[in-house]
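K.L.:
Submitted below is the structure of interest, expressed as structure tokens.
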Amino acid sequence: MGCSASVDISPIKWPTRQQCCSKMDEVEVSPAGKMATPRNWTSLTQNIQVHKARLMLEDMNLLVDADFPPKDSSIGLKMMRNGHKRIVWRRPHELSLHPVLVSDGTSRHDMRQGDLNDCWFLSTLSVIAEKPQLISKVIPEDNSFGTPGYNGSFHCRFWQFGHWVDVYVDDLLPTVDGNLLFARSSDPNEYWVSLVEKAYAKLNKSYAALEYGFEADAYTDLTGGLAEWYTPTDLRENDFYLMRAAFQCGAVIGCLSLDLKSSNKESKGMVSNHSYVVTAIEEVPYMDKAAKLIRLRNPWGETEWQGEWSDGSDEWLKVPDVIKRELDVTARNDGEFWMSFNDFKREFCNMIICNMSPDFDHDGISDKAEYQLQLKGCWLAGCNAGGWIECHSFHKNPQYHLHVYNDVLVQRRYTGRLPVVVSLLQVYKRDISRRHEENDLQAIGFEIFQLPGVPICALGADFFQAVDPLMPENEETYAKYRETSGRFFLHPGDYLLVPSTHEPDKTREFLFRLFSVGKISCTCIGNQEASVKS
């Protein structure tokens, strides 16, 4: 359906809760720098026994998952048609003499990608593995693996659109000729990598559903944090230091390599259109100057960059041995390698920097977001799915009143304007068994308009024809991503926040997240009810 410039004056039909999401347009507020606690977290933890009840006992008193059984449907029929027909499901004790869940802690070096194109997930998991405060959320301590109470199950958690979800699976893993088919650990006795991948596959209905994706989505699902996109070719020399500061303060930095066919570049060991993750950012002395270097890892655990500063390259001969020892520079085919900052900008087309909270003052360091809001809503075709701002029905989209308070201390620090980061996520499942138009990713975005005062009702088409939206600092545009974000600097006052799909009449649930160092509030306008919790 196209868009026209004519004005649609038909009345707005707001969807009811029954027509759309069960918790439409609810607001969760997190003061004092604390993440908004999901209102149903208590019920989730109390219902763990309900999850476990779906795991049925087999002959050896080990559990088998009835919802994600050891059958072709869990692999995904598409992959089965592509030749995976000799699969045998086996438990760790059938594959190793001394199986353990984790051996000597989780590490980025544990990761080995299998016969599944899920490098986008594994590369992010490899970095999370070295952050105890993050990996402990994903892998709880209540797992029975390797204990006298072992029952053949595995418990994992993922963040899904505003709250943490418990996922239980059995530990039956797909094998071919006695070898694990998908992700595995570099230690043949260690199984946390395989089991986290299986739990994520269950969350998305099959292993095949994990084929291809974005590191930003993996980071959000593994941490509940915020991922922001950057283009490496746009990076300036000084941005190297901002990246280093962000990395040293715990940020996860992932990147996507160029499509070598479309760019007509020689590979020099780089895998085309492949996800890598940054594992170090350093400046080292080199020929009376400082070389800006970035270390990256390929989740395959092999296949490395062969250009300047690669393993064993001539450049390292001119670096003092003590520096090389500090950086653990060795020539080994483990998928990890160094390259110069300039080569990094040339070899990668996309980069994400992921933090638990945004960097508001542009020093590369994640700042404490004193206020974090979550708003759940939906677009419903024929009611309030009005399309983007060029559509005549744009005014029918959900509308939110955003108020920025006059916080004197914050205003002094940020010269009169409060930094606010807005993130919009669409509820999207990677379930390929349900692939049709309604389940496809939609191009989504949002607009912010300055208001002269507090709105008492939803604004009509005349307002949007007369007023231009504010432009975000990062100039985000509509794109078919699960999440899009914008960074704004707002004076105290009132604003209108309008989310939309690019095309009108697309039904989809969404989640807004707002991050700010100063006090803000956000309420729904019109017949859309809202509740605020502090």
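Placement of Cβ uses the backbone N, Cα and C atoms for every residue, glycine included.
Because the structure is a prediction, the values reported are computed rather than measured.
Quick paste of what TrEMBL says about this protein:
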type     : residues : note
DOMAIN   : 62-357   : domain 'Calpain catalytic'
ACT_SITE : C119     : active site
ACT_SITE : H274     : active site
ACT_SITE : N298     : active site
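Burial and contacts for the listed features, if you can.
P.N.:
The Cβ of C119 (active site) lies under 8 Å from the Cβ of Q113, H274, S275, N298, P299, W300, each of which sits 6+ residues away along the same chain.
Counting Cβ atoms from all protein chains shown, H274 (active site) has 21 others lying within 10 Å of its own Cβ. Annotation note: H274 (active site) sits in a coil segment as assigned by DSSP.
In the shown protein chains, 26 other C-beta atoms lie within 10 A of the C-beta of N298 (active site). Under the DSSP three-state reduction, N298 (active site) is assigned to coil, being neither helix nor strand.
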